[in-house]
Amino acid sequence: MDGKALSPTLIAFVVTRLLETYFQDFVDTSFTARMEEELDRIARGEMKKEEYLSRYYLGDDGLRNKVEISESRIIPEEARQVKLPTLEPYEDEFQVLVGSYGAYVQARRKEEGKEDSEGGEGKEETQHNLVKANIPQTFCKDVNQLTPERIRKCLETKQGPYNGILIGRDDDNEPILLRVGPYGLYLQKGEGEAEGKTAKKVALPQDMDPQGISLETAKAYLNLPRVICDHPETGSAIQVGIGRYGTFLLYQGSYRSLPATDDIFTLDCSRAVEIINSAAVSPRSTRVIAELGEYERRRVAVVQGRFGPYIKCGLVNAKLPEHHKDSPEDCTLEEAIESIKLKSPQKGKSTPKKKDSPASKGKAEQSASPSRKSRSSYAIFSAEKRPQLKEKGLSFGEISKELASMWSELSQEDKAPYDEMARLEKLKYQEESEEERTSTSTKSKKGGSSSTRSSATKKAAISRLKSINKTTKKPLSAYLHFCSENRPLLAQQGLSFGEISKKLAENWRAVDEATKRKYEDMVRKEKMALGQDDST
């Protein structure tokens, strides 16, 4: 939507063409007229609605049969193509398609020193000689912005030795590249990750013309975020930067959107302070008063909340000491930790519980269930990455969208460590839940419940669980065997779990075929031990 005017999207063109090609009856104007007449007959009592619905869905010319017949005729590669009148003259040069992760453009790769004189006729197109590039969502939402020049620019960022457009080099002789991603154009300093360093990336404005990006402009964007000045009242730094959702000011851990009339490179201190002071703050919003440090690997800070200042440590919100009510910024880390310990439940101690009546106690024992459930691989991944996204000041909804996007971009090898953790956590949960049910049923029996009987029952339950796991167990993949063997060696280096998982994925991609066959043989042996066919 451009202002109040509606603009067609790429997916709208794809769906419309699919319906017009394979489901003509449903986009025919007479189809709606016939339906209205039959609905009027139902309203007058001349036809039963069950009869109409049965004929509409299950009849010989019903919806189900039409869909089944049309599905067999659909060619996925052709159905995913975007046919626009403005792009028809360029179909021999490139094709625009819609895939699982959005729209993209593909074209035949141009080899240096060779001209495409044959026009591609008689030459089989394979993944090797095709180049593909993402199309930014801005262009997908308004096809009027999808011009041949912009499409060629997207393709240009995927060709050449740098997998991007080389704008120039910085003072350290590192290449500055222009690339395109699902959310638009961005700049990258360096060719990629090397020696443990992450290449710096910065987003570009969605309306920026890639043709007009000079080396000086690129250097200025790569220097973001930059500190404008310190706030004259609080002394806290005010930073300006650009992200996925546009330009912003960062002050005391809170983000403020920068008005469109202000330029991030010419913004001065007085204007920045004016924007900060005039920004409307919700009564429910919070801001950081003082950063105190860390406690048990969690950030500790004094935060201004709706009802006054308090101490925040992860999910724990603790009370601020009384003598710091008027000067919360003077609270020390030691005082904050004492308040956190009083607020958070201590290990090994249980809070006093309300005494239940015999009736409610029996009912609770009958419905006893494990207090928690095993997490999925995606939930484990989210728990690891969510704190990093929180530090960027994103809202809960933005964090959820970003996590889903990050997860979808992971390869199967990158997801394998999380799948392994989920499998182990599920197995542990099954054992704990079986023990809990066994303990509950033993306690509910009257008289003669000796420790010997309880132990025997517990052993029998665990044995039964193991036998169930053995019959339903799936063998580990070759990659998981590789992880099990190499994870202890990496753990001795003092790496975190996330660093170990990344290192394992990198090492697995680097192993030769002979080493991989060793772990594949381990998979076959495990299948034989479980009595499974090697072909499964």
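Each residue, glycine too, has its Cβ placed from N, Cα and C.
As written in TrEMBL, here are the features:
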- 108-128: region 'Disordered' (REGION)
- 108-127: compositional bias 'Basic and acidic residues' (COMPBIAS)
- 342-382: region 'Disordered' (REGION)
- 353-364: compositional bias 'Basic and acidic residues' (COMPBIAS)
- 371-437: domain 'HMG box' (DOMAIN)
- 371-437: DNA-binding region (DNA_BIND)
- 416-468: region 'Disordered' (REGION)
- 416-431: compositional bias 'Basic and acidic residues' (COMPBIAS)
- 439-460: compositional bias 'Low complexity' (COMPBIAS)
- 472-536: domain 'HMG box' (DOMAIN)
- 472-536: DNA-binding region (DNA_BIND)
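Taking the DNA-binding region (371-437) as a whole, pLDDT averages 78 in the prediction. Per DSSP, the secondary structure of the DNA-binding region (371-437) breaks down as 54 helix, 0 strand, 13 coil. Helix, strand and coil content of the domain 'HMG box' (472-536), in residues and according to DSSP, is 46 helix, 0 strand, 19 coil.
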